[in-house]
Structures are given as structure tokens and as C-alpha cells.
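**Q** Quick one: the structure is below, and I'll ask about it shortly.
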Ligand SMILES: O=c1[nH]c(=O)n([C@H]2C[C@H](O)[C@@H](COP(=O)(O)O)O2)cc1CO
């Protein structure tokens with residue numbers, strides 16, 4: 001009973017996550033095709049709150065009122081999200097800011113960097129990695145799916161302390 005119920009719960013949890021995807025907008029749109037690939041794959045794992053980031057048609061005017069609305073909406077989405085995935089190859093102030101706020105909110109974070117760009121990732125991102133809550137992965141474009149699968153499969157569902165009977169023995173061991 002325990003063994004059959006728990007994997008189902010875990011799968012349901014994985015497919016229903018709220019995912020905040022970060023990618024450069026005003027920092028430069030050169031990598032938008034990679035953002036599309038990532039967003040497409042992320043949908044296997046839940047809903048992507050920031051789908052507009054990967055929209056090649058995205059146009060924004062940059063008015064003060066508009067910017068405040070974008071900022072407040074995005075901070076609210078960050079708060080709601082279960083996990084943050086950021087493509088950090090193209091440097092972006094907004095993405096850096098989002099990551100800093102997300103660290104403060106103690107969110108689970110995956111940063112994806114492509115060394116083939118010949119850029120060097122900021123020390124404030126590479127140096128924030130702890131391999132647990134803040135993960136930085138070097139990857140190439142053709143590895144998008146594999147890298148995301150590995151990351152999401154490594155996530156553990158939140159502990160349901162009020163529902164201990166549904167914890168699979170394997171998970172219970174992992175939580176110890
Ligand atoms: O129009 C926008 N909409 C929006 O959601 N953002 C957020 C999401 C992106 O992950 C990030 C991009 O920041 P930047 O524009 O500084 O590159 O900021 C940023 C802008 C423009 O700065």
C-alpha cells in the first residue's frame with residue numbers, strides 16, 4: 001500500500017510545480033531560442049509562471065509605471081514559485097536581481113550556463129552555488145532536456161508531516 005501510493009504522489013507533485021523561469025530581456029535577447037527550448041521542457045514538470053521571457057515577439061516599452069508593475073508582479077511570482085530555473089549565459093541585471101531575491105526567499109534554484117559562449121559566469125552566481133539549494137550547471141544546448149530531467153528528478157517533495165503514511169520508505173530514509 002505504502003509503496004504503490006507514494007511514487008504516484010511524487011509524480012503528481014513533480015507535474016504540478018510552479019516554476020519561475022529567468023532569462024535576459026533588456027540584457028539582450030540573443031539566447032531567446034534557448035529560453036524557448038528550456039520553457040518547453042519545463043512544462044513537463046509544472047506551470048511556467050514567466051512564459052513571456054521565452055517569447056521571441058516580446059516587446060516592452062519601459063515606462064516607469066509599467067516597470068513597477070513588472071517588478072511587483074515578478075516578485076510576487078517568485079514568492080509563489082516552488083523552483084527557479086535561470087539561464088544565466090547572457091548577463092542580465094534583472095536575472096541577477098531575481099536570483100538574489102530568490103536566495104533570500106530560500107527557494108530552490110538551478111542556474112544554467114553555456115561555457116561555449118566563451119563568457120565567464122559572474123562570481124556572484126558561480127560563487128553562490130552550494131550544490132543543494134543553489135545549483136549551477138554548465139551545459140550545452142543539446143543537453144537541455146537531460147540536464148533538466150536530472151535536476152527535477154533529484155528534487156524531493158515537501159515533507160507532508162500530517163500525512164506520514166504516504167511517505168514511501170525510500171523517501172523516509174532520504175529525509176533522515
Ligand atoms: O519586461 C520585463 N518582464 C520581466 O518579467 N522581466 C524579468 C523576467 C526576466 O527573468 C528578467 C530580465 O531582466 P532584464 O530585462 O534586466 O534582462 O526580468 C524583465 C523585463 C524587462 O526588464
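The chain as shown is numbered from 1 upward.
Each Cβ is built from the backbone N, Cα and C atoms, and glycine gets one as well.
Note that this is a predicted model, so its numbers are computed, not measured.
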**Q** Can you pick which of 57, 98, 150 TrEMBL lists for the same substrate site as 20, 21, 22, 23, 24, 25, 26, 35, 122, 123, 124?
**A** 98
**Q** Can you tell me which of these binding-site residues sit near ligand 1, meaning the Cβ is under 6 Å from at least one of its atoms: 20, 22, 24, 26, 123?
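**A** Near ligand 1, sequence order: 22, 24, 26.
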**Q** Measuring CB to CB from residue 20 (substrate binding site), give everything in the same chain under 8 Å that is also at least six residues away in sequence.
**A** 48, 49, 50, 77, 78, 81, 83, 84, 85, 98, 102
**Q** With substrate as the bound species and 20, 21, 22, 23, 24, 25, 26, 35, 98, 122, 123, 124 as its recorded binding residues, calculate the greatest Cα-Cα distance and give it in Å as a whole number.
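**A** Across 20, 21, 22, 23, 24, 25, 26, 35, 98, 122, 123, 124, the two farthest Cα atoms sit 22 Å apart.
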**Q** Indicate the candidate from 24, 123 with the smallest number of other Cβ atoms within 10 Å of its Cβ, considering only these binding-site residues.
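**A** Each of the binding-site residues 24, 123 was scored; lowest Cβ tally within 10 Å is 123.
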**Q** At a 10 A cut-off on CB-CB distances, which of the binding-site residues 22, 26, 98 has the highest count?
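**A** Result for the most crowded candidate: 22.
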